[in-house]
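Marked as domain 'MTTase N-terminal' by Swiss-Prot: 10-120. The [4Fe-4S] cluster 1 binding site annotation in Swiss-Prot covers 19, 55, 84, and the record cites sequence analysis as its basis. According to Swiss-Prot, the feature domain 'Radical SAM core' maps to 137-375. The feature [4Fe-4S] cluster 2 binding site is assigned by Swiss-Prot to 151, 155, 158, with sequence analysis given as support. The domain 'TRAM' feature in Swiss-Prot is assigned to 377-443.
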């Protein structure tokens, strides 16, 4: 919840759930409301109404969203619902018919209109209350930079295109203008996100825009080069493994952007990948990983996988483990397959029992632990730059270029009580465990 106190203007509470892309949507809504003079309340009791930005990607997310709506209704009584679950308004209204309004994802205008209807805005706007970078829900030193909306893929387990539509890329000058504003406000790290980051500009046929008086194509490699000129960390997330991704690796080796790729491979059995409607040439993927690391040895690769997908046999799962052994990925997340209403995968034969899905997920994560630890051990004894997150009497917690916020590990600095949150620092790595590095500050 976000808090700003005022006794003279209408107050809106806000609950933001889901992925970083939803966080960006929440920030846009909050910025619009603040610009119109609404105050942002940090409590249900103090708010005149509450907006809940939902997630609907898997069943657990739907349940969490419905619970959050119910809590807001119980504590406040006036609730507007938006976000991915909002695309299924029948589900929301069946559970909570008393909500004031329901909109889908990426619907700032519709949310603001609903707020106007149920809580009329002040007569005069208060644009002076808005910082140039807008309202943000992340710490001051990093920000998510969303470059597109929607997705052109039709992965059989996913319903994102039905909720957020096909790919719509933001004009490159808009992206760069926002990035510059964020950096000017003190942001030290830009996390580039979308549903399909690699496809940026495909829908616009890589149209040429302009930034700082020079032409700039609406294409990921060109955007990455431009962002790399801003003097901050630039981290790439949700990178679909197109061949064009290869172009990013030299930029990472040169230090223009962080040597970090978040690539959701999802599986390694060609048969299961075909059923998922994902690229299925596993040998090609392994060869590309080897090539990436030959160009940029410090590259960190994060990926996610699904266990227990319909039709997955013991041999399919063993293929996945063999892939992990060969690929030596740095960071891995795994999800037991969960049927999502409306997903094509629901119609596939041979569903895997729930307990087997979860058992395979746990086996995969246990298998990956040794690999992740070995990948971290290579940093011991090296001097690295970290971005400090928190400092207290017991020391500091930071992140390295290999660690995205909330999903990866940390750098623990026991003697770091003199460091400054939100600033870069030089440290020497002294030890590691499965997820985290340990370090001491350098003079």
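Glycine too: its Cβ is placed from the backbone N, Cα and C atoms.
The Cβ of residue 84 ([4Fe-4S] cluster 1 binding site) has 28 other Cβ atoms within 10 Å, all protein chains considered. For residue 55 ([4Fe-4S] cluster 1 binding site), the number of other Cβ atoms no farther than 10 Å from its own Cβ, over all displayed protein chains, is 21. Cβ atoms within 8 Å of the centroid of the Cβ atoms of 19, 55, 84 (the [4Fe-4S] cluster 1 site) belong to the same-chain residues 17, 18, 21, 22, 54, 56, 57, 61, 83, 85, 105, site residues excluded.
Listed in sequence order, the residues of the same chain lying 6 or more apart from residue 155 ([4Fe-4S] cluster 2 binding site) and placing their CB within less than 8 Å of its CB are 266, 276, 277, 278. For the binding-site residues 19, 151, the ranking by surrounding Cβ atoms (within 10 Å, all protein chains) places 151 first. Residues 153, 154, 157, 159, 160, 161, 195 surround the recorded [4Fe-4S] cluster 2 site, their Cβ atoms falling within 8 Å of the Cβ centroid of 151, 155, 158, which are themselves excluded. All protein chains included, residue 158 ([4Fe-4S] cluster 2 binding site) registers 23 other Cβ atoms within 10 Å of its own Cβ. For the pair residue 158 ([4Fe-4S] cluster 2 binding site) and residue 19 ([4Fe-4S] cluster 1 binding site), the C-alpha distance works out to 14 angstrom. Taking only the Cα positions, the spacing between residue 151 ([4Fe-4S] cluster 2 binding site) and residue 55 ([4Fe-4S] cluster 1 binding site) is 17 angstrom.
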